[in-house]
Structures are given as structure tokens and as C-alpha cells.
Amino acid sequence: MAPKKTATKATAAKGNDRQKALDAALALIEKDFGKGAVMRLGDENRPPIQTISSGNTAIDIALGIGGFPRGRIVEVYGPESSGKTTVALHAIAQAQKAGGIAAFIDAEHALDPDYARKLGVDTDALLVSQPDTGEQALEIADMLVRSGAIDIIVIDSVAALTPKAEIEGEMGDSHVGLQARLMSQALRKMTGALYNSGTTAIFINQLREKIGVMFGSPETTTGGKALKFYASVRCDIRRIQTLKDGQDAIGNRTRLKVVKNKVSPPFKIAEFDIMYGEGISRESSVIDLAVDNGIVKKSGSWFTYEGEQLGQGKEKVRLSLKENPELTDELEDKIFKKLGVGKYAAASDELTDDPVELVPNVDFDDEADTEADAED
């Protein structure tokens, strides 16, 4: 019996010594690197993930936390004219409405100020850079992030971040993996600065097709593998339908799939309408989600909310909600509350989402391995 007690005491003493050593190490780390340099994952003092709303209810719900995460990298990619820049501009508009400062790195030299203004962007306050080289673009982005004053920065697009050596070289010169190395170096530098400043960085990316793929999707994104690894959220956006008023096309039905999400369960899907000259229709998404969640009743073509008829036909109800933003806010708040998203996330103890069957259909091989990729 005595040997067993002795062993127990020895184990306890050893445990106390280890705890004292750990406490001393933590105190030294805190002294050298500041409070919060090391913390326990379950510590209640650990700040929750802050967000910047996308400006659309369906996208905020698909992201799982009510918007794009602050201090993280987000990649938005898809085919041409699918709505990538529109999504980013709406996020900028929301950040500005909340009193934040936004920056736009226009590497494609294609930003339309009039369109941005229609989406709600304060173009007078928006910081815009049209760099000559990829190095210049990423250096400007890094300096803005490290200032600590920027809430959101958009880089449009990764494919247009042309290395200086390629610009100064001759047509036909081979520059294998140059852009991939540039992105890898820049993201290594920016990741920590983004977290410390709470800045959201949205990288817009294009699709390419790999040559000779026999099985699976030949699609891949530009800029190598670094962005795929460093991004906390990756969104695949596609047009799925043209919206028409009679014979006239008035917009696109668009699907956004969250193919990677480090802050919430991934593979969620959002469908929304992008109206020409107007941007993403918030009201249309609110109507769809309110009906799906039983908040608004639909009987035939009539929509009813709390016993009061909203109108006949989705388009009329959409226009009615646009003229009554208070009602739109009320419906959106009830949707978030029922689904436990955004400020209601802490009150939701269990997942209410149906099992997700869709999976990413993009092959993520490094473009740096095959610079012979064919453009769309």
C-alpha cells in the first residue's frame, strides 16, 4: 500500500513542477510579446470572429457567421461576368455604411465608378490603386493593411497581378511559376498583418482550364496553391439563369457555393438575383428565405406576412420591400434569428442545416506546375 501512495505523491509533485514551468514560460512570453500572445482556446476572453456583411441575406447565411470574417483572407472566383466584382463591391458598401474605410486594388484597370456608386459604394471615400506590376499591387496592399486603418481591401484580380519580370520581358518569354512565387511571398507577409489589424482581404480570381484532363473537372484558379491554403473562405460563384421581363433580360440568377470555410461549416450554397444596373437584390433573397422558413406565407402568387398581404407576384413584393426598408430589416432579423446566424449564432446550440450533398467541382492543382493552361 505504501509504495502506491509514494508513487501517487511523486506523480502529483511532477505535475505541479510542470505546471509551474508552464506558468513561468507563459509569463515570459507575455512579457516579451505582449498579452494574448498565447491563450487557451476555450478562454472566454478570446474575442469572437467579427464580420463585414456581404449586403445579401443568403450569402451571409451561407458564410455561417453573418458575413465575411475580419482579419482573414477571402477568395471569390468564377467564370467571366458571374458577379465576382459585384459581390466584393457590395461588401465594400456595407463596410463603409458601418463607418469603415475601404480600398480597391484595381489590377485589371476595369473598375466602373458609376456602377460602384449604384451598388451603394461611397466612391469619394474609396481608396483606389491601379498598379503597374503585381509586386507594386501587393506591396501597396500590404502597406495599407499594416497601417491598421483599413477595414476591407479588395484585389481585383489575382490573374492580373503580372510580375515585373514578365512586363519587362519580351512576348513569348517563359516565366514558369513566377506569379505563384509572388503570391506565396505576399500572402506569407500579409496574413499576420491582416489578423492584427482586423482587415478583410478579398482576392478576386479567374478560372482557367488545364490541358489534357481526362477525368474530373479541368478547371483551376490562377496564382498557384498559396491562396488556396491561406484563404479562410473560398467562394465559387456562377450564373445559373437569366432573369427576363418579357423578352428583355433584366438580371441573372446566381449561385454562390462556399467551397472552403475555416470559420463555419463549409459547402453551403446561396442563390440570389443580380439585377443589371442595380446589383444584388437584397429584397429578393429576403423573400425567398422568409418563404422557405415559414416567416412569409405564399398562397398561389400571393405573399402574406402576419395576416397582411404583401402583394401578388414576387417582383411586386420585391419592389414593395425596396420602398419599405424597415420591413425588410424586420424580416431579415427574423430569418437570422431562426437560423442562428450573425448576432444570434451564440444562442444556437445545434446545427439546423440539412445534410449537404454538393461538393466542390474544381480541381485545385497548382497552376505553377503547368504554365501551359489555356484561358477560358
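The backbone N, Cα and C atoms fix where each Cβ goes, glycine too.
Per Swiss-Prot, the features are:
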BINDING   GLY78, PRO79, GLU80, SER81, SER82, GLY83, LYS84, THR85  ATP binding site
REGION    355-376  region 'Disordered'
COMPBIAS  363-376  compositional bias 'Acidic residues'
Chain-internal residues, separated by at least six, CB under 8 A from LYS84 (ATP binding site): VAL76, TYR77, GLY78, ASP156, SER157, ILE204, ASN205, ILE237
What is the one among the binding-site residues GLY78, PRO79, GLY83 whose Cβ has the most other Cβ atoms less than or equal to 10 Å away? GLY78
Beyond the listed site residues GLY78, PRO79, GLU80, SER81, SER82, GLY83, LYS84, THR85, identify every same-chain residue whose Cβ lies within 8 Å of the center of their Cβ atoms for the ATP site. ILE237, ARG239
Those residues of the chain, 6+ apart, with a Cβ under 8 Å from that of SER81 (ATP binding site): ARG239
Around the C-beta of SER82 (ATP binding site), how many further C-beta atoms are within 10 angstroms, looking at every protein chain? 22
Any same-chain residues 6+ apart from THR85 (ATP binding site) with CB under 8 Å of its CB? Would you list them in sequence order, or say none? LEU111, ASP156, ILE204
Three-class DSSP assignment, SER82 (ATP binding site), comes back as coil
